[in-house]
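Per TrEMBL, the features are:
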type	residues	note
TRANSMEM	27-49	transmembrane segment
TRANSMEM	69-95	transmembrane segment
TRANSMEM	102-122	transmembrane segment
TRANSMEM	128-150	transmembrane segment
TRANSMEM	157-177	transmembrane segment
TRANSMEM	183-206	transmembrane segment
TRANSMEM	213-232	transmembrane segment
TRANSMEM	272-289	transmembrane segment
TRANSMEM	319-342	transmembrane segment
TRANSMEM	354-377	transmembrane segment
TRANSMEM	398-419	transmembrane segment
């Protein structure tokens, strides 16, 4: 009987010669870093005169218990030249270490953002800490929308109705809080509103196997129509104006920790919804990836047939996941009224539900990744507001488009490299 012989050495091994990889080199990180370095030099450093400084104030945007911190003053042109050199160095590093291309690209883009801020603040005073505070607050509804999407799509149900759920919850939360005189009642009603619309979406998508995109679109259209009608019919009429005046939750402060310079005002003082969103990010990350329930949710989203074989009720898990996702969207909607301005305005969610879906994709369907992506979008949203105050020579209309432009750029760069759950959007039949 013949015996199997071990495979021979790979070509070149016997001679001790390393065989070069035939995989094509990825030039994108090198090109991006080079373009960033050139843009910093041509667009920013070239127009900033020598001797001009950029002043970044570290003053809280609201009353704070933290001690004051001296402003950060940097020579604008020297800083811009340094950032351009660092971006070029990142490109050279990406050339020598192709496997680190993503890191070098992120570093270069970060250098570009800092360079943009230095250019905008050259010869002026810019409150950096207030902008960062605004970033975290503006990221809250996007984070909650993204978490809603993660919860639904991890179970295999696409939910583009998050925008409609948030808008409707914003309306019902402010009305309930105004009528009952209790912000907590408004919050509860907002959660239940999101759950109700999510249940409707789940019934259409799971029981009747309606196309999930169509189902979500129907809910979005319904939400815009019903809230616009009721707002015009009641809330904008003077005799019912009291129904649109709920007030907002007071700011929350963490004792002792809120006295830490810079970090205290940034992370330990602020909106109640910020702390709720942060707790939910941590909690969902643990639940989805460290608990039996999370394993079931992920299994029905990846391979429902195998999950069913193991005794998991696929459709029941999907119902629960979608309804929980709807409650997260309802919490995000309540933020707009009882957590922010204390009143309802038509279409006040302004597409944050859809941006949350982009954050979910950018974060690769994980709560922690979704929070990071939401912070990026929140930063863009906050930045366009602050830059208008500085009066930089960029049309205000372009600045208003910035969050949506970033959404397009992010999706263009991520789609195709981000992989959703395998059974996402696929109804399950036994």
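Easy rule for this one: first residue shown is 1, then count along the chain.
The backbone N, Cα and C atoms fix where each Cβ goes, glycine too.
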Next on the checklist: Is it the case that the transmembrane segment (157-177) and the transmembrane segment (354-377) touch, counting contact as three or more CB pairs under 8 Å in which the residues of each pair are 6 or more positions apart?
Outcome noted: yes
Checklist entry - Residues of the same chain, at least six outside the transmembrane segment (27-49), with any C-beta under 8 angstroms of its C-beta? => result 76-77, 80-81, 83-85, 87-88, 90-91, 94-95, 98, 101-102, 104-105, 108-109, 111-112, 115-116, 118-119, 122
Checklist entry - Can we call the transmembrane segment (272-289) and the transmembrane segment (354-377) in contact, meaning three or more C-beta pairs below 8 angstroms at a sequence separation of 6+? => result yes
Next on the checklist: Six or more residues beyond either end and a Cβ under 8 Å away: which residues meet both conditions relative to the transmembrane segment (319-342)?
Outcome noted: 140-141, 143-145, 147-152, 154-155, 157, 159, 162, 165-171, 173-174, 177, 183, 186-187, 190-199, 201-202, 205-206, 245-249, 271-273, 276, 280, 297, 348-349, 352-353, 356
